[in-house]
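> Per Swiss-Prot, the features are:
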BINDING   10, 85, 86, 87, 115, 116, 166, 218  S-adenosyl-L-homocysteine binding site
């Protein structure tokens, strides 16, 4: 028995890796999230498909339930795929699932995916680094675990470009915190449904972006913008 944690990429089914496709074709069982484009499941023909539905604020199953289910399916099948949107280790809680497998002595392999933090800005021609302008970037969650005793995100980032994932529900709160450290006129770009049908680009500033009509899934990019979005 072996479990593959597979990254499905940022949304466009053509952005999944060849290795991910090959693993899906051999799968006995696939546990998949909502962020993983369901069109990708066509590669798992004949496999048992289990929807575990993890979205911010709308969890069909809790993380503990997913861990338990993953272990149970692994013990009953030769090859189980845990399909996750983006990359399993970029705010995908893949590490928690690996620890659950290790505790039960279950073998696993990892298949990286294209993270939306880079893939989505690239799709619209917005680089997160650029020679002479941006030599660093930070990827941060905009939705910390509400059960934490203390928040870890301080928002005083020194990177030239900041990419915020899962941040639309807390956009007003997050931008207010960022404005304690950055100019309110700092340019902001939000990309809805990145790489997928219905992709939409919304631009503004730290001061006004939260007032725009924005719906998840979407990511937020700060600063590395002006010279590219005008083209």
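Using N, Cα and C of the backbone, Cβ positions are placed for all residues, glycine too.
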> When you measure from the Cβ of residue 87 (S-adenosyl-L-homocysteine binding site), how many other Cβ atoms are you left with inside 10 Å?
25
> How far apart, in Å, are the two Cα atoms that lie farthest from each other among 10, 85, 86, 87, 115, 116, 166, 218, the residues recorded as binding S-adenosyl-L-homocysteine?
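Output for S-adenosyl-L-homocysteine binders 10, 85, 86, 87, 115, 116, 166, 218: max Cα distance 16 Å.
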> List every residue in the same chain as residue 116 (S-adenosyl-L-homocysteine binding site), at least 6 positions away in sequence, whose Cβ is under 8 Å from its Cβ.
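Once residues fewer than 6 apart are set aside, residue 116 (S-adenosyl-L-homocysteine binding site) is near 10, 11, 85, 86, 165, 194, 195, 219.
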> Going by DSSP, is residue 85 (S-adenosyl-L-homocysteine binding site) part of a helix, a strand, or coil?
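DSSP call for residue 85 (S-adenosyl-L-homocysteine binding site): coil, neither helix nor strand.
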> Tell me which of the binding-site residues 10, 86 sits in the most Cβ-dense spot, judged by other Cβ atoms within 10 Å.
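Sorting the candidates by Cβ neighbours within 10 Å, the top entry is 10.
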> As a test of the contact definition, list every same-chain residue at least 6 positions from residue 218 (S-adenosyl-L-homocysteine binding site) whose Cβ is closer than 8 Å to its Cβ.
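168, 190, 191, 192, 193, 194 - these are the non-local Cβ neighbours of residue 218 (S-adenosyl-L-homocysteine binding site), listed in sequence order.
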> Might you list, by sequence position, any residue in that chain lying six or more from residue 115 (S-adenosyl-L-homocysteine binding site) with a Cβ less than 8 Å away from its Cβ?
7, 10, 86, 87, 90, 139
